[in-house]
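Q: Mind having a look at this structure? Questions to follow.
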Amino acid sequence: PHGEGGSRAGARVNGTPGLGWVLGRSHRRFGQGRVYGRRWLVLLLFSLLGFAQGLVWNTWGPIQNSARRAFGFGGWDIALLVFWGPIGFLPCFAFMWLLDKKGLRVTVLLTSFLMVLGAGLRCIPVSDLTIRKRLIHGGQLLNGLAGPTVMNAAPFLSTTWFSPDERATATAIASMLSYLGAACAFLVGPLVVPSPNGTSHLPLASSESSTEHIKDRIEAVLYAEFGMVSLIFSAALAYFPSRPPFPPSVAAASQRLSYRRSFCRLLSNFRFLMIALAYAIPLGVFSGWSGVLDLILTPVHVSQVDAGWIGFWSIVGGCVVGIAMARFADFIRGMLKLILLLLLSGATLASTWFTLTCLTSVTHLPLTTATLYTSCILLGVFLNSSIPIFFELFVETVYPVPEGITCGVVTFLSNVFMGVLLFFLTFYHTEISWFNWCLPGSCLLSLLLILCFRESYDRLYLDVVVSV
């Protein structure tokens, strides 16, 4: 069910709005749907929450060399700090149940509260480095627990608040801002925190003073992130409604499957499983790869700052193109599969180029900053921009399964693949060329799955037919 209590209670059958309510409300009350200006404020608050969660999650990867010096982290610690993200998806189904039963407000408030606790734990000033590292790991885990909401709830929010010709755009904005936060971590971390490998612009007198200065700058970043998360939580606590007074479309008010029936429908739908794997495998691999990008590029003599800029522009480019693609999909409907085929083809070529470039001793391809920038940025653009298109296609394929449950299953699968990859990285982090080969392999597999996929648009059909 999409709603709870209030004006819909009398029109429910077994807890779900009936079709008579859908038809009556859709014509008598709001025609083809009624939207409210406050929907943009709701979208902004949710997007900022996703931005902060991505920023906190990706704090350590871009400054891993500095973190090693300041806190005594090893390669295992750096991989584990990124690994807490997919670990946080283990209770994903509990958050999906909460979203389905209690709505957006309760779920968002719980999520933001976990983020405040996590960001606060990382800021506790403890002199014992062992305890400090445990607090940092605990803070990253709590932030990881916020991942299911910021990753899964975007299509639910867009359906609840936005009209059919704005849904894909709203989904893109809400889902892309989390990745933009991770991108800003690539930029903020290396610019604020000096690197011990000679890229710092500040001359330091000794190794001891260098370590203390690096530690102070890292703590400044942690305090700033804590302040940002606290401010977003306060804003959501003051105003973040679960739903508008009247739904914006027929699909937003229509009958949905129960929690248990939804899982049965998803697990028995071969077409859904096919497209879910097409999303989960390459996006899971890419998320793990980008989370330790500095670790991957260090063997090819790329500095921490350059690695940060590469990661930043690859994700920013994906966010911009993703929102543009979603807006295009809103204008020209029924083209989601074609858009995904184009994006995954580009991702396969870009990832193959990057992997072969890193094997310069074998392939003799030029290994320059320009080639690394270009291949990484293109890879990020193609893969990240496919996320909102995938989300919309998932919802259309399995409608009337609730959006939060559908996207929860696929993002859980994505984090499983990411977690498996990072798990192996914790043991095989001395020689990581194998990590690069996972990228083109996963993109090619996804491309083949999309080619075999037969698309359908059940939710869009309902909106068009019933509204007309």
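For all residues, glycine too, the Cβ spot is worked out from N, Cα and C.
Pulled these from TrEMBL:
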- 40-57: transmembrane segment (TRANSMEM)
- 78-98: transmembrane segment (TRANSMEM)
- 104-124: transmembrane segment (TRANSMEM)
- 172-193: transmembrane segment (TRANSMEM)
- 220-240: transmembrane segment (TRANSMEM)
- 270-289: transmembrane segment (TRANSMEM)
- 309-326: transmembrane segment (TRANSMEM)
- 338-364: transmembrane segment (TRANSMEM)
- 370-395: transmembrane segment (TRANSMEM)
- 407-428: transmembrane segment (TRANSMEM)
- 434-453: transmembrane segment (TRANSMEM)
Q: Excluding the flanking five residues on each side, which residues at least 6 beyond the ends of the transmembrane segment (104-124) place their CB within less than 8 Å of a CB in that stretch?
A: 42, 45-46, 49, 52-53, 56, 95, 98, 132, 135-136, 138-143, 145-146, 149-150, 153, 156-157, 160, 219, 222-223, 225-226, 229-230, 232-233, 236-237, 240-243
Q: Cβ pairs under 8 Å with the transmembrane segment (270-289): which stretch of 40-57, 220-240, 370-395 has the most?
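A: Going through each listed stretch, the top one turns out to be 370-395.
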Q: Between the transmembrane segment (172-193) and the transmembrane segment (220-240), are there at least three Cβ pairs closer than 8 Å, leaving out pairs fewer than 6 positions apart?
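A: The answer is yes, given that the two segments have at least 3 Cβ pairs within the 8 Å cut-off.
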Q: Which residues of the same chain, at least 6 past either end of the transmembrane segment (434-453), have a Cβ under 8 Å from a Cβ in it?
A: 271, 274-275, 277-279, 281-282, 284-286, 289, 296, 337, 340-341, 344-345, 347-348, 351-352, 354-355, 358, 379, 383, 421, 425, 428
Q: Do we see three or more Cβ pairs under 8 Å linking the transmembrane segment (220-240) and the transmembrane segment (370-395), pairs being at least 6 apart in sequence?
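A: Stretch pair does not touch.
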Q: If you count Cβ pairs under 8 Å, which stretch among 40-57, 309-326, 338-364, 370-395, 407-428 touches the transmembrane segment (78-98) the most?
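A: Stretch with maximum Cβ contacts: 407-428.
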